[in-house]
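K.L.:
Before I ask anything, let me first share the structure, which is written out below as structure tokens.
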Amino acid sequence: MNDSGYQSNLSLLRVFLDEFRSVLRQESPGLIPRLAFYYVRAFLSLLCQYPNKKLASLPLYRWINLFIMCNVMTIFWTMFVALPESKNVIEMGDDLVWISGMALVFTKIFYMHLRCDEIDELISDFEYYNRELRPHNIDEEVLGWQRLCYVIESGLYINCFCLVNFFSAAIFLQPLLGEGKLPFHSVYPFQWHRLDLHPYTFWFLYIWQSLTSQHNLMSILMVDMVGISTFLQTALNLKLLCIEIRKLGDMEVSDKRFHEEFCRVVRFHQHIIKLVGKANRAFNGAFNAQLMASFSLISISTFETMAAAAVDPKMAAKFVLLMLVAFIQLSLWCVSGTLVYTQSVEVAQAAFDINDWHTKSPGIQRDISFVILRAQKPLMYVAEPFLPFTLGTYMLVLKNCYRLLALMQESM
């Protein structure tokens, strides 16, 4: 599991579909091959977007990673410089959407470059239940929840991978049907972006932007999947914690033995709390970028859809697609964040449901009461200094997008 070399990651991706199908074919819940985290990390490594200690020790890998980030920043600036050339509000909106998207891509891959070693530690921390608490678990309820989470995560990867490839094809094929433009409105030195003046250079740039777009979309998809898997695995661990707490009430043992088992479960709870704090620190920059980009992308694409509907239906359809992508992306973050929020407060109910806990010794009753009190403070993934990823934040973002949309309509 700890071997994260380039060849081992390639081998892991080769067996992904076989392992996924083997889990789907299980008639009763069994052990999962590995956490779905490892597939995403392997894909990021193959994209040269995961320079952890082991891969960064390879000079070629390190230089490729730096080249990729420089390439993204270069394309961002060519798009930014082209912004004054926009002829109307529709073209300007199109440029702003892509500039926002490219800024989001760069921010996320930059933070992945900085935090990949911390993410390795997080992935290892999520193995705590199987490694420390219950290394040889055969409980069908626990195995069933682990299997369900594995299937959801892996299925999400597969479906998002297909959707992103469709979106990528729409980006670089659409200009071919138009006026011979680059996939992104850009300005290059010596007017290399002009098909009539530099046809060979134009087609080189066209292919280069298309390949960069495909690589960027795959990269941001996998970075997002790391974050969403962090949310889902946290919710799963909290669910397993609730199961372990409730099972304590079924134990017919002495108070001393009960207290030993209870302390093991409490250590698991403390581990989850610390894990959420570590994840918030590791992903904070990416969380902030996600909230700001979601707000801008939803607002601009919705406004441009309405502005272009009567003038340019093709552009309107393009903005609808961009709006849906932004909605889906924000929805995934907020729904999975809400799972963590709701499951963390369920721990208090699980502790209260321990059978006959009021008949235990005063020390045990005090410890259980402390767990109930602590669990009433929900665990949240927060984009500090902004809001947590919950459905409440989702509705707040949509409400503010609507207000901004109304303001832009009035200004026209």
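Quick reminder: no glycine exception, Cβ is built from N, Cα and C everywhere.
If you look up Swiss-Prot, you'll see 1-74, 125-169, 251-302, 352-389 marked as topological domain 'Cytoplasmic', on the strength of sequence analysis. For 75-95, 104-124, 170-190, 230-250, 303-323, 331-351, 390-410, the entry in Swiss-Prot reads transmembrane segment, with the evidence type sequence analysis. Residues or ranges marked as topological domain 'Extracellular' by Swiss-Prot: 96-103, 191-229, 324-330.
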K.L.:
Which listed range (75-95, 230-250, 303-323, 331-351) shows the maximal number of Cβ pairs under 8 Å with respect to the transmembrane segment (390-410)?
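P.N.:
That would be 331-351.
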K.L.:
Using a Cβ distance cut-off of under 8 Å, indicate which of 75-95, 104-124, 331-351 has the most pairs with the transmembrane segment (230-250).
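P.N.:
Out of the listed stretches, 331-351 contacts the transmembrane segment (230-250) most.
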K.L.:
In the same chain, who gets a Cβ under 8 Å from the transmembrane segment (331-351) while lying at least 6 residues past its ends?
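P.N.:
That would be 156, 224, 227-228, 231-232, 234-235, 238-239, 241-243, 245-246, 269, 276, 290, 357, 368, 371-373, 375-376, 378-381, 388-391, 393-394.
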K.L.:
Over the span of the topological domain 'Cytoplasmic' (352-389), how high is the average pLDDT in this prediction?
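P.N.:
Averaged over the topological domain 'Cytoplasmic' (352-389), the predicted model reaches a pLDDT of 85.
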K.L.:
Take the topological domain 'Cytoplasmic' (352-389) and find every residue of the same chain, 6 or more past its ends, with a Cβ under 8 Å from one of its Cβ atoms.
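P.N.:
Apart from its flanks, the topological domain 'Cytoplasmic' (352-389) reaches 230-231, 234, 238, 245-246, 248-250, 255, 258-259, 262, 266, 269, 272-273, 276, 279-280, 283-284, 287-288, 290-291, 333-334, 336-338, 340-342, 344-346, 396.
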K.L.:
So which residues does the topological domain 'Extracellular' (324-330) touch in its own chain, when a touch means Cβ under 8 Å and the partner is 6 or more beyond its ends?
P.N.:
167, 224, 290, 293-294, 297-298, 301, 394, 397
K.L.:
Six or more residues out from either end of the topological domain 'Cytoplasmic' (125-169), which same-chain residues have a Cβ under 8 Å from its Cβ atoms?
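P.N.:
For the topological domain 'Cytoplasmic' (125-169), the sequence-distant neighbours (Cβ-Cβ under 8 Å, at least 6 residues beyond its ends) are 1, 16, 20, 23-24, 26, 28-32, 35-37, 39-40, 213-214, 217-218, 221, 225, 228-229, 232-233, 236-237, 239-240, 243-244, 264-265, 268, 271, 275, 278, 321, 325, 332.
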